[in-house]
Amino acid sequence: MAVRCRSFIGILLWLVSVSFIDCETAYGCYGPPGSPCTQHTLSCAEGQVLAFYKISYGKKRDQASCSVLQEDQCSTSACCQYENSIKDMEPFVDASLEDRKMVNGKCANQQSCVFSSPYTPGNLTNYNYVHYWYGCIPTMRNFNLMNISQLTTSKEFLLYFNGISRRDLGIKCTCDISSNDLIRIASLYINLSPESCSKVKISSLNQTLFNCSNDGVVVFFQYLNVTGQQIKIEIDVASVNMDDVLWMYFHSNVGDIDVSCTDCEGRIQQNVSALTYRLVGGRSQLEGRVEVLYNNTWGTICDDYWGPEEEMVVCRHLGYNPTGIKEFFGSGLGPIWLDDVLCTGSEASLADCKHSGWQRHNCDHREDISVVCKDVEYRLVEGSGSHEGRVEVFFNNQWGTVCDHGWGESQARVVCKQLGFETTQAKAYPLAHFGEGFGPIWLDEVSCTGSESSLATCRHRGWGVHNCSHSEDASVVCKRVSYRLVDGGVPHAGRVEVFHNNQWGTICDDGWGVEEAAVVCSQLGFNPGVSKAYFGPGSGPIWLDDVVCSGAEKSITDCRHTDWSVHNCDHREDVSVACKPVTYRLVNGTGRHEGRVEVFFNNAWGTICGYGWGDEDAAVVCNERGFSSAGAEARSAAYFGEGVGSIWLTEVACAGIEPTVGECSHPDWAVHNCTHENDASVICKYGPGELLISSATEIMVVEGQQLINMKEGDNISLSCATECVPECLIDWYKTSADNIYSDPLPSINGKLTLTDVNKNQSGSYYCIAVNPDVLGSTQTKAIILNVIYGPNDIQLTLLSDILAMEGEIKRLNIMAGQNISVTCYTDCYPTCLINWYKSTTVRDPLPTLKGQLSLTKANRNQSGFYYCSAINPVIRNQVKTKSVDVEVINRLLN
């Protein structure tokens, strides 16, 4: 039946710790073996385990003192309660080793479990009851013996010593147990090896209650009334063997029990489960001869009976995985500590396996055992790419997770670095951020500085030791490994370089082919191209070698490759690629400026998901397509119809200045939870483009400048047009001689009309187009109008030795010998041809220069009618003349 106790203390001296147990459930039950009395359903709280086992079995001596026992259930009779059953108990008899095994862990982290007794006596005629004690105790992590110097409990507690689960080099401690009431040792069960048994003493004042013989015995006591209220336990055990057991149950009817343990420093001289192992003589830290530090001396292990189970224990203890590879890494020195090691493979240490005893062997160092382990593997799962996700660890040949207790950015940096990603911007996420995992939780309370090579080298509670559930699985988001193409002359070609461990390095070309090049091109946002390009040797470390990809990987780091920096290359073998750029198009719009955005990536056209699609993203698309980024409008929900094929991008986040949307932030290529119902589209604003000026009148181009020649009185129309969305505002302006713009001239839809033109309308005319939706988008183009006119009225200018005059000159009287010049000019465009003639039969023009007629040292023969003729060469019928009568007079004689 159940025995309730307010306080229950299990002091497991083979542990490094002790705990107080407020036990609600402990079972002391009578009943025939095999009956329900030997099977119990026990509820243990989270973080506790089922502990303890059968105490005794026997037969009832006094049938009259108890009611008839029920064989199908535990007795409820008061006489069957363990602490009140003195007369009913015969002396205990020995139990087998299997019966004495702890059942720790069978109910670990469960709300309830059923425990069936492992013991069934063979001779049922001699026994009619079996007594068991079960209880829930916290897991081992909560014990802390060194912190317990004094405690008080009520009525009862249990002291237990067992060598089956863990063996120590030595235990030394003295505990005083006192009470204001008589203390009973309700039961005492001891089975110790001779060397251990002789060092255990239990006394009360000057009375020795128990002192083991040197032979090693099994001794049972029950209900020993101690005179006085004090018991002393003294233990000074040099070594602990597998079969060592000491069980003491103390009880006080009324008073509290005080426990005081002193002189316990050094009680655990060496915990063999925490022994230090190393691998010596191998090619790396993962392989070598197995050496163990025991009793402050390094020694070896003999290979007798050595197999995969033993290799598994060694590799796991060192934080690695086994390989099954058999190699010999030479003979060691010093003692051979262990021989005939037999493990199941589940032990925490070789010291927990069966063996012949420390330094008991029949070997020499030629039989020293060696192992080849492989490193623990890590991966990130359930993220958008290999750079993020739930942290999973492949240990002991099984994938498991990491608990988020104490999880932070230092731990995230270690994970990212180990997986080949940059450590900057590493983010840690708790509480199963990327979903709950399954399988074992391998690590808990991981504490890193950030400089460690792997999580396994950070401090943690031990492999598989935790108090977590998968709702607390740890996750990280790493900054993706950076790649670049160098010395190719264009962004999509060059030598492949990788940024790892804060340094740029190269990749060796061993095994490099089309699949590997395709992964690089895809990761950089390009299409596969030529895999055998060469753009010269690089410098710095060669980070990767023997890369083997299927072509479907997200990153080169997802492909199989040697460890980082492990290679047999020089920089003459550096890998290069020549990718093809990703191309874009707009489809199903009313023009080339709008439509559904489609991307040609990985040799196939696909679309972009509209999740998060905005004007900044549209601006990048429009700019890439040759339109203005200003005024770009984003559309989602398949505004221009649903596309087909892959959805290449989603959650695109552009700043608006990127060359292409592929270079904007996004989760990864082809990573999405979208359908074509949400395909992204854009409407680009563009223009004004190049301005086109046209006219029914012939337009000439002189030295790149458009011009039109026309006559006075003509009419002309000039039209200015351009491509523009939305429609541009077009105006005409005329500039003055000082290059000052006039007010806008009257025009309709970019058409300027001039009627009955005159010479004042000659000049430069400017067409200016403005896009009202694109700020600052303006185009200007000029055309020159030349109005042809003249000659108009001719004017004459006289210059002689004695006078000058201008205006209306009809007759000139000059003295012989004088010099005169008469200049003829008129208003004319372009330039009139001006000639002088004399009224003679000869009609050839007189020699003139720029319309200037000169008479030098005039004489009477030069007298006569002279006339000036002005002709516009463009307008042949436009002729003007003007005459002057010149008379040369001889000088008068005195």
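Each residue, glycine too, has its Cβ placed from N, Cα and C.
Lifted from TrEMBL, the feature list:
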- CYS343-CYS353: disulfide bond (DISULFID)
- CYS448-CYS458: disulfide bond (DISULFID)
- CYS549-CYS559: disulfide bond (DISULFID)
- CYS654-CYS664: disulfide bond (DISULFID)
- 277-374: domain 'SRCR' (DOMAIN)
- 378-479: domain 'SRCR' (DOMAIN)
- 483-580: domain 'SRCR' (DOMAIN)
- 584-685: domain 'SRCR' (DOMAIN)
- 688-784: domain 'Ig-like' (DOMAIN)
- 791-887: domain 'Ig-like' (DOMAIN)
- 1-23: signal peptide (SIGNAL)
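Take the CB of CYS458 (disulfide bond) and look out to 10 A: across all protein chains shown you find 19 other CB atoms.
Residue counts of the domain 'SRCR' (378-479) by helix, strand and coil are 16 helix, 38 strand, 48 coil (DSSP-based). If you average pLDDT over the domain 'SRCR' (483-580) in this model, you get 88. Calculated from their C-alpha atoms, the gap between CYS664 (disulfide bond) and CYS559 (disulfide bond) amounts to 25 Å. The Cβ of CYS343 (disulfide bond) lies under 8 Å from the Cβ of GLU309, GLU310, MET312, VAL313, LEU350, ASP352, CYS353, LYS354, each of which sits 6+ residues away along the same chain. Checked against CYS458 (disulfide bond), the disulfide-bonded residues CYS549, CYS559, CYS654 differ in C-alpha distance, with CYS559 being the nearest. When the alpha carbons of CYS559 (disulfide bond) and CYS448 (disulfide bond) are compared, the span between them is 28 angstrom. Here the C-alpha separation of CYS448 (disulfide bond) and CYS549 (disulfide bond) works out to 33 Å.
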